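Below is one structure. I have some questions about it.
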Amino acid sequence: MRTADLIQFNLHLLLRQWFRTLMILLATAVGVAAVLLLTGLGEGARRFVLDEFSLLGQDTLILLPGRKETTGGLPPLTGEGTRDITLDDVDALSRLPGIEMVAPLIVGNAQVYVGGRNREIVTLGTSARFFELRQLSMQQGQALPDIPLQQAGAVCVIGPEVRRELFGTQRALGEWIRVGDRRFRVIGIVEDRGESLGMDVSNQVILPVASAQQIFNTQGMFRVLLKVRAGASIERSRERVIELMQQRHGGERDVTLITQDALLGAFTDILGLLTLSVAAIAAISLVVAGILIMNITLISVSQRTAEIGLLKALGASAALVRLLFISEALMLSAFGALIGIISGYALLWLGHSIWPQFPVTVPLWALSGSLIIALGVATLFAWLPASRAARLAPVQALKGEVHDA
Amino acid sequence: MIVLEQLCKTYHLGGESVHALDHLDLQIAAGDYLSVMGPSGSGKSTLLNMLGLLDTPDSGHYRLEQQEMSALGEEQRAQIRNHKIGFVFQAYHLIDRLNARENIELPLILTGVPPRERRTRVDELLERLGLSRHAAHHPHQLSGGQRQRVAIARAVIRRPALLLADEPTGNLDSHSGAEVIGLLEELNGEGITLLVVTHDPAMGKRARRQLWMQDGQLISDTRNRDSGDPDANR
């Protein structure tokens, strides 16, 4: 039988029983759409978290004071060290081979005054390196100047949100603001890039690290960000950093060094598992659709007993009769899957247009997987009734007497 | 053309064995016109199914055009049913959702004949059987006689060597029945071997050769004198 004739033959059947056809299409479409939607959301959540954390880049290490265990559970994000990491330590680190740049980081809340307004704003003390390391671009003006770490400077860079709150529509660049009890001139406004690593740069004031030390009256760094030179081994660099700090701190290993991988690993694992499990749940609905197809095919076989007998009398072999029923089920589920794919993507696109910062992408394995499951389940479940039809003895079938062969 | 030797078929119904065919011997010449009569359960339908390769014998031989049928597999039997044998049923067995043309071309579709060739062959046949007006009609739009003519068209679209008819007029009034019989006899006149199973003695008598069956055996085999065959009453 020619494929075109087979398709036309099946189409005749499906159109004649349009309600039945519609129901199966719906069941299959819902199953496929559910798989795409749930994996799309799961994968979106994973990417969202991944993007947030990978802003730092693969080759960035984070040094924090105090010895913390990083295996098992989330790495520590706060902690007081037994011994401070000083600016001298930072200088020493930046001279290490294999380290491209080092940015110190002090974080605190400070009262910021402009004219009559004042706000409590998160204030970062760091160096020019920080801007390169976090790939911050400037909306206006320039980044912090490249001055020695120990030198305080009366300049600052503010986030767009800070600018809006403190200056409104007025010009901010070149104006003076007071942070704590010191005055700083605004030399730059950073580009708004949304939140990253739980810190919203747009809501912060960035000062030279020595100035921040004076404001917060501290010597120790909150964090030190280190960028490994391209091509250098991250593992080796990591050892070197630990060794150096141990040497400088009188033989005591009182620092913790975390890598991007350690941070991401935990999240990726959890979210990957989540995506997989929701996909599995959605796949169950596809199996349900398959069982529906089996029932419908069984009914179809018993309703069309006489027709099967006739087709056999006219020269259809058992294999052809089986092919007729399986191809009918396959066409149904292929159409259903197509509708499901279209509506699944449409819903994801709708979600994306409502919430643009959330990346929605259907992983290829989910798309191909749902298609394979839909078609596979249809074939599998139609096989049994189709074989029953193929085995029917033509004589009995023609008389409409169905005996289980 | 057809040779049956010692053909046996036994059905088991509710623990009881029924000999539908009991060591049956039969030879049929090409182009012959036979009727098979007999009481219900005498084995006429079984004989028809055996000849039509719809059923397999328990033992014995069936040769169709010098080819042994008993040894063939299902796939080959389907091929022969398609190419050499046409069936006409009492209940027409047209497919409701297909129109007359689509029903007639079904045997061609099953074996993958290209649409253009199908079209010319079906058109030719529709013309011949006076069904051209009804080509696009569905079975429920046709009268009984018209339906049976469509069914006959479907049976002979392959130009089979053997046409098997099971009570072809059973569901028809006498006028339509006569028309259908006329058509079948006309086809026989063109060389198709025709075998009709019937309860109707009047119809049975029209055949050149009349078989009477009982309990799975042939109990009489007569030839009409007016058929001009000297070898009657064997």
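Cβ coordinates come from backbone N, Cα and C, glycine included.
What TrEMBL records for this protein is below:
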DOMAIN    A:21-242  domain 'MacB-like periplasmic core'
DOMAIN    A:280-393  domain 'ABC3 transporter permease C-terminal'
TRANSMEM  A:18-38  transmembrane segment
TRANSMEM  A:270-296  transmembrane segment
TRANSMEM  A:362-384  transmembrane segment
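Are these features on the surface or tucked inside, and what are their neighbours?
The average pLDDT the prediction assigns to the domain 'MacB-like periplasmic core' (A:21-242) is 84.
With a cut-off of 8 Å between Cβ atoms, the residues of this chain six or more beyond the transmembrane segment (A:18-38) that come close are 275, 278-279, 281-283, 285-286, 288-289, 292-293, 296, 332-333, 335-337, 339-341, 343-345, 347-348, 362, 366-367, 369-371, 373-374, 378.
Listed by sequence, the residues of this chain that lie at least six past the ends of the transmembrane segment (A:362-384) yet keep a Cβ under 8 A from its Cβ atoms are 28, 31-32, 35-36, 39-40, 43, 275, 279, 282-283, 286-287, 289-291, 293-294, 297-298, 322, 325-326, 328-330, 332-334, 336-337, 340-341, 344-345, 348.
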Which sequence positions outside the transmembrane segment (A:270-296), separated from its termini by at least 6 residues, show Cβ-Cβ distances below 8 Å to it?
20, 23-24, 27-28, 30-32, 34-35, 37-39, 41-43, 45-46, 49, 329, 332-333, 336, 363, 366, 369-370, 373-374, 377-378, 380-382, 384-385
